[in-house]
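Per Swiss-Prot, dUMP binding site is recorded for 21, 176, 177, 216, 217, 218, 219, 227, 257, 258, 259, and the stated evidence type is sequence analysis. According to Swiss-Prot, the feature active site, nucleophile maps to 196, an assignment based on sequence analysis. Per Swiss-Prot, the feature (6R)-5,10-methylene-5,6,7,8-tetrahydrofolate binding site maps to 219, 313; the stated evidence is sequence analysis.
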């Protein structure tokens, strides 16, 4: 997609070198927006393969209100493993090798990388096999799904923001309050990772549903391709439920950054030519957005260039 390649190029040419929480370092810019017409095809990278089923299972995980990686692992989805693993290795229950700064060390030390990978595999297996262990160490805190579906009020009540949003689109589509927020200051200290994609708003006009996302922190090479596909999918799912066509997905970013250890991968991607976008295919079976399974969602005509691997910064 040209919009995304333009973002990569813009940050390479105009970004500022900054330090960051992970110790990796970034090239960063503040304030950037992309627009995607969802009528023109499903917006997923074609200049590198994005594992769409991982996008699907993560979004369904959010929609279920789940915050434990066990569901993700049951669907062969490893994208949140590092944050749960980090919590475990910092606990008194962990008795293995020292895992301090495991992400950076694994990137720089091949011998340590083997040790880290072995510990991670043991951790994943235990999450899947031991429910009590999973309940304790698979939990990521009150991240996205919890805030979307069970926002706790000061009176001890809960708000299902997503269900309320869908009902409001049906009954008052002209509302300017079609908003869901994952940014809950009270819960931030206990989250494994505070929400990067922190607030989204819907807009109805001419029989079409559009979505705008505000993302406070945007990992351009690894995270943003998932975010684009995820919120485009969410827009399609909600549009189906409320009887509207899809309009635009508008992606607004705060700190949009390229990690310093992703620069060569970005240059490789920029050398590739975008292909035709695929079409999203949704099963007619699910009654509501909350009834979808991974098998109900697929892409037709997705023929991307090969994946480009890059390390994740934790």
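From the backbone N, Cα and C atoms, a Cβ is placed for every residue, glycine too.
Keep in mind it's a predicted model, so treat the numbers as computed, not measured.
A map of Swiss-Prot features onto the structure.
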residue	record	Cβ contacts under 8 Å, 6 or more apart
21	dUMP binding site	none
177	dUMP binding site	168
196	active site, nucleophile	215, 216, 217, 218, 219, 223, 227
257	dUMP binding site	11, 15, 18, 20, 26, 27, 28, 29, 217, 218, 219, 220
259	dUMP binding site	20, 22, 24, 25, 26, 219, 221, 310, 313
- line: Simplified DSSP label at residue 177 (dUMP binding site) comes out coil
- prompt: So how many other Cβ atoms are close to residue 219 (dUMP binding site), meaning within 10 Å of its Cβ?
  reply: 23
Message: I'd like the number of other C-beta atoms within 10 A of the C-beta of residue 313 ((6R)-5,10-methylene-5,6,7,8-tetrahydrofolate binding site), please.
response: 21
Residue 217 (dUMP binding site): tally of other CB atoms within 10 A of its CB: 19
